[in-house]
Amino acid sequence: MQAIQIEMAELSEALNQHNIHYYVDDSPTIPDAEYDRLMQRLLILERENPQFISPSSPSQRVGGLALAKFDQITHLKPMLSLDNAFEQADFESFNKRITDKVGVVEYVCEPKLDGLAVSITYRNGVLERAATRGDGAVGEDITENVRTIKSIPLKLRGEGYPELVEVRGEVFMPKAAFEALNQRQIAKGDKVFVNPRNAAAGSLRQLDSKITASRALGFYAYALGVVEGEAEAMKASHYGQLQQLKVWGLPVSAEVKVCDELAKVYAYYQDILNRRSTLEYEIDGVVIKVNAIKQQVNLGFVAKAPRWAIAYKFPAQEEMTLLEAVDFQVGRTGAITPVARLQPVFVGGVTVSNATLHNADEIARLGVKVGDTVIIRRAGDVIPQIVAVVLEKRLDYACDITFPQHCPVCQSDVERIEGEAVARCTGGLFCEAQRKEAIKHFASRKALNIDGMGDKVVEQLIDKELVKSPADLFGLSASAITMLDRMAMKSATKLVAAINDAKSTTLARFLYSLGIREVGEATAANLAAYFKTLEAVRSASLEQLLAVDDVGNIVAQHINHFFAQPHNLEVVDKLIESGIHWPSIEQVDDSELSLKGQTWVLTGTLNVLNRNDAKAQLQALGAKVAGSVSKNTDCLVAGEAAGSKLAKAQELGVKVIDEQALMAILQS
Ligand SMILES: NC(=O)c1ccc[n+]([C@@H]2O[C@H](COP(=O)([O-])OP(=O)(O)OC[C@H]3O[C@@H](n4cnc5c(N)ncnc54)[C@H](O)[C@@H]3O)[C@@H](O)[C@H]2O)c1
Ligand SMILES: [Zn+2]
């Protein structure tokens, strides 16, 4: 075999394989643009070497197959494919072939809906059966599924319909329904559809029509198959046929237009391309058809497509490219987002070289590795997405994507709390990426409430590098502040005064102002009431934090991680040094406490006080209350029926008092 012949055989083999993925499994593995390139290459080789064309070449046959799990339906008239035009020159040669053969023509332009073709047979006006295109001759019986599509009439409207009519059209999934379906699939942990076409095909080709019924599918009719007892008006033009279908109650796209000059065809193409992203459904081009049926008949067919129609495709919205690396970006609230660095690729009208991978869950869902070939989708203004990995192109050296342990901006620890998708930098007060948000929050009304320190001011202070952390606010001079827009000396002086005033606050506000994740006002107030001092909150263990009202496992971890970052603590220390203060929550002047430094133990039954109250009151006097007696115990309070602890105290010579003596001490 010659090299050319081998290449042709390989291309055919690959395309046939992709046809199975696409038409049979509803799960293509390469983007359409790549499929189209392979097909174009094969077509060129076949044109140059017609002697090698195989009858089983994918260029000669409609690409589907009727699956055996469905009953089969033989179309009364074959369902064909369409020839493609990718640029204006392709359309021009199509137009020339036509006018050379039949003279001047009028075209009908229609959106090329990106769904799948179905044929619906109405007998005496009643929906009898419906089929997929299959291999063009035989399709799959999907009658029950088609009946669930609300816009398809079960009975034709009006009168004068033929005894038998095959209506051809496209079943599609509107964009909004596609997004909603994928959200539901993610929530259920089910497979996500790559694009609305696959979702439509997967939803229609179901053995259980209840599943189809649950998927919002749409339908537009665009052609007729066999018609028995044809209405006279329908013989003349394609456009007339569509109008007739509309009269019978079938939905026909409102975008269908007759264009009697080439300029109008181009204008139509451009106009609908401009509006592509605002349409409710996905389209991948414009179908241009000769309007007069007589001319259509005259032109006839080639192997798998009519000569009188062409699909003038839009630029691809899906392309494939190489994922070269993954960087991690830190957002303004500390969320760490993996960003794919791509070999630049032209898709959806722009060159794309980055795409977000969202989070670790998304990476796991895609199963993507660095070095992989991936499919990028950019539809309309939506940010580019990686929708799939082209596994057949995976290289041996593709490697797993690992999340950093430390923030790439500030080196603080990265936390990922179980059950949360997002990983975060814990250096909230210090991290450069989080600076603006941290300071805005710090100065906000419910936090330190610095009058006049609005978002705009904070942004300028940071942009001009006058401030790097909340602590720097307290070192600002009025003259420095005059460097900001619209800040004269008078307002600058006022702002400095407001900053000074803010130093006098409450522990609750201060805790809230630190911007610890999920520590809102209420939680901050609970923390303050429980721990009473900043030191106690700072050094609280997870268990101690969990004892606070309203503090669950996740919040406790956020607090713990926050105070574990030396950088955060530095800022907190500086804030306190700068003079931030608050009234003590209980007047506890340590040095004057009568029991400071002593260790007490309680045992036996107390009659007046209960054990917890006694413990709390002893602690309020500075004592530590321990659970067992040792040589370090200063005093044992022995209530009624005291046992082993009393014996131990006596043995060690520890001082022992009764409840009455305790009361005397507490009340003194
Ligand atoms: N990614 C893959 O692996 C893969 C595999 C096979 C096919 N494909 C894609 O499918 C294309 C080939 O598919 P095809 O043979 O179904 O042809 P096609 O999609 O290029 O054109 C024919 C189809 O267009 C549809 N259509 C939409 N609006 C229409 C209208 N107004 N009038 C008439 N028809 C309309 C019909 O379903 C019809 O069957 C390829 O170009 C490729 O993009 C991709
Ligand atoms: Zn950081």
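Glycine residues also receive a Cβ, built from the backbone N, Cα and C atoms like all the rest.
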NAD(+) binding, same site as ASP32, ALA33, GLU34, TYR35, ASP36, SER81, LEU82, GLU110, GLU170, LYS289, LYS313 - TrEMBL member from ARG133, ARG147, ARG332, ARG341: ARG133
Same Zn(2+) site per TrEMBL - residue from CYS399, CYS431 joining CYS407, CYS410: CYS431
Annotated binding-site residues GLU34, LEU82, CYS410, filtered by Cβ under 6 Å to ligand 2: CYS410
Additional residues surrounding Zn(2+), by Cβ distance to the CYS407, CYS410, CYS431 centre under 8 Å: VAL330, GLY334, PRO408, VAL409, GLN411, SER412, CYS425, GLY427, PHE430, GLU432, ALA433, GLN434, HIS567
Residue with minimal Cβ packing [other Cβ atoms within 10 Å] among the binding-site residues LEU82, CYS407, CYS410, CYS431: LEU82
C-beta crowding around ASP32 (NAD(+) binding site), within 10 angstroms: 19
All-chain count of other Cβ atoms within 10 Å of LYS289 (NAD(+) binding site): 21
Within the predicted model, mean pLDDT of the domain 'BRCT' (590-668): 86
Inter-residue Cα distance where the pair is ARG133 (NAD(+) binding site) and CYS407 (Zn(2+) binding site), in Å: 54
Minimum Cα separation from ASP32 (NAD(+) binding site), reported as the residue among recorded positions LYS112, CYS410, CYS431 that achieves it: LYS112
Shortest C-alpha distance to ARG133 (NAD(+) binding site) - which of the recorded positions LYS112, CYS410, CYS431: LYS112
